[in-house]
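As written in TrEMBL, here are the features:
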- 8-188: region 'Large ATPase domain (RuvB-L)' (REGION)
- L27, R28, G69, K72, T73, T74, E135, D136, F137, R178, Y188, R225: ATP binding site (BINDING)
- 58-191: domain 'AAA+ ATPase' (DOMAIN)
- T73: Mg(2+) binding site (BINDING)
- 189-259: region 'Small ATPAse domain (RuvB-S)' (REGION)
- 262-345: region 'Head domain (RuvB-H)' (REGION)
- R317, R322: DNA binding site (BINDING)
Amino acid sequence: MPDEDVAPERVVASGADDVERAAEAALRPRRLAEFVGQRVVRDQLELVLHAAIGRGRAPDHLLLSGPPGLGKTTLAMIIAAELGTSVRVTSGPAIQHAGDLAAVLSSLEEGEVLFLDEIHRLARPAEELLYVAMEDFRVDVVVGKGPGANAIGLTLPPFTVVGATTRAGLLPAPLRDRFGFTGHLEFYDPDELRQVLVRSAGLLGVELEVAAAVEIAGRSRGTPRIANRLLRRVRDWAQVRGDGRLDLDAARAALEVYEVDVLGLDRLDRAVLGALCERFGGGPVGLTTLAVAVGEEPETVETVAEPFLVREGLMGRTPRGRVATPRAYEHLGLATPDAGQTLFD
Ligand SMILES: Nc1ncnc2c1ncn2[C@@H]1O[C@H](COP(=O)(O)OP(=O)(O)OP(=O)(O)O)[C@@H](O)[C@H]1O
């Protein structure tokens, strides 16, 4: 799970736990043509892949970057499918020692894709081993221990690393430079999310009315993972409390139960924003003070609530602390401080 997602139980958290990943697997598009949105990256990838297929060679190593839940894992699987090859999956945190990576690398078949999720979290020795493997298709395996230890160089068959990262900026330059292509995934617009939802509903075998799809899409924070999760919650509501139909009423009622508002804010987001506007007069206020006011750890406020609030233009970060924007007051149905002053001046 990406490190910024510390609260997987939030219905709007952008990360996923293992149970959810299993549910997601069934909804993954399998080919590039089924992958909704991300027109630029899709276009670029199509070129890279078709050129490699035409030459009968493994393509350059490919890096995918962007926030959690936008489709990096999905694209890695699609890349392997388009190349007609298999994919081996591992991640930075799963590789404890360089030897773990050497074992994976030396078992790769010709043309295989190695998907390295959260590549920015690889330990240094493993990273160095990866440089050599990516550049020279070679891995040095140390046999024995102490003074009698011997490094044996193994030649690897050509393969393609697909790296995924939520923090491209954290990748050391030598590692970044070994990728021949970097695709940046962007947040999806509501119409793209609506298409994701319609496709997912079809796969789940439920009928989703257009108005309900639009409603869910608008509250999904630009993220297909969240859209699919909200769809499953709406389906639950329709089954248990409704008449089974996924219509606008069901969508609104379910999202109210899960306290996801019209912008996709949940209870924590609103608590942070409410404290900022009402208790601190719109700020500026320090992160720690703000976190204490809502009974959360500063890290949770900073990594879970804040990025979306800033992206939505509801909160600003200044050198003196966090500030609420006029849009925040408007969203919470509060009078802006300026409007208040005009009343009493
Ligand atoms: N473009 C898309 N079209 C349709 N479904 C998508 C698309 N992108 C993502 N999804 C769906 O969203 C879910 C999450 O996608 P995925 O696991 O690929 O995200 P991720 O970027 O790898 O996230 P993480 O960084 O947390 O691993 C999956 O169920 C996937 O099917």
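Count begins at 1; order follows the chain as displayed.
Placement of Cβ uses the backbone N, Cα and C atoms for every residue, glycine included.
All TrEMBL annotations are machine predictions without curation.
A Cα-Cα distance of 38 Å separates L27 (ATP binding site) from R322 (DNA binding site). Residue counts for the domain 'AAA+ ATPase' (58-191) by DSSP state, with H, G and I taken as helix and E and B as strand, are 53 helix, 36 strand, 45 coil. Proximity of the binding-site residues L27, G69, T73, E135, Y188, R317 to ligand 1, judged by a Cβ distance under 6 angstroms to any of its atoms, singles out L27, G69, T73 in sequence order.
The Cβ neighbour count for E135 (ATP binding site), using a 10 Å radius over every protein chain in view, is 12. Here the C-alpha separation of T73 (ATP binding site) and R322 (DNA binding site) works out to 34 Å.
Between the two most distant C-alpha atoms of the annotated ATP binders (L27, R28, G69, K72, T73, T74, E135, D136, F137, R178, Y188, R225) there are 37 Å.
Between the CA atoms of F137 (ATP binding site) and R317 (DNA binding site) there is a gap of 45 Å, rounded to the nearest whole number. In the three-state DSSP scheme, R317 (DNA binding site) is classed as strand. You'll find the Cα of E135 (ATP binding site) roughly 41 Å from the Cα of R317 (DNA binding site). If you take every residue in the region 'Small ATPAse domain (RuvB-S)' (189-259) and average the pLDDT, you get 95.
Here the C-alpha separation of R322 (DNA binding site) and G69 (ATP binding site) works out to 26 Å.
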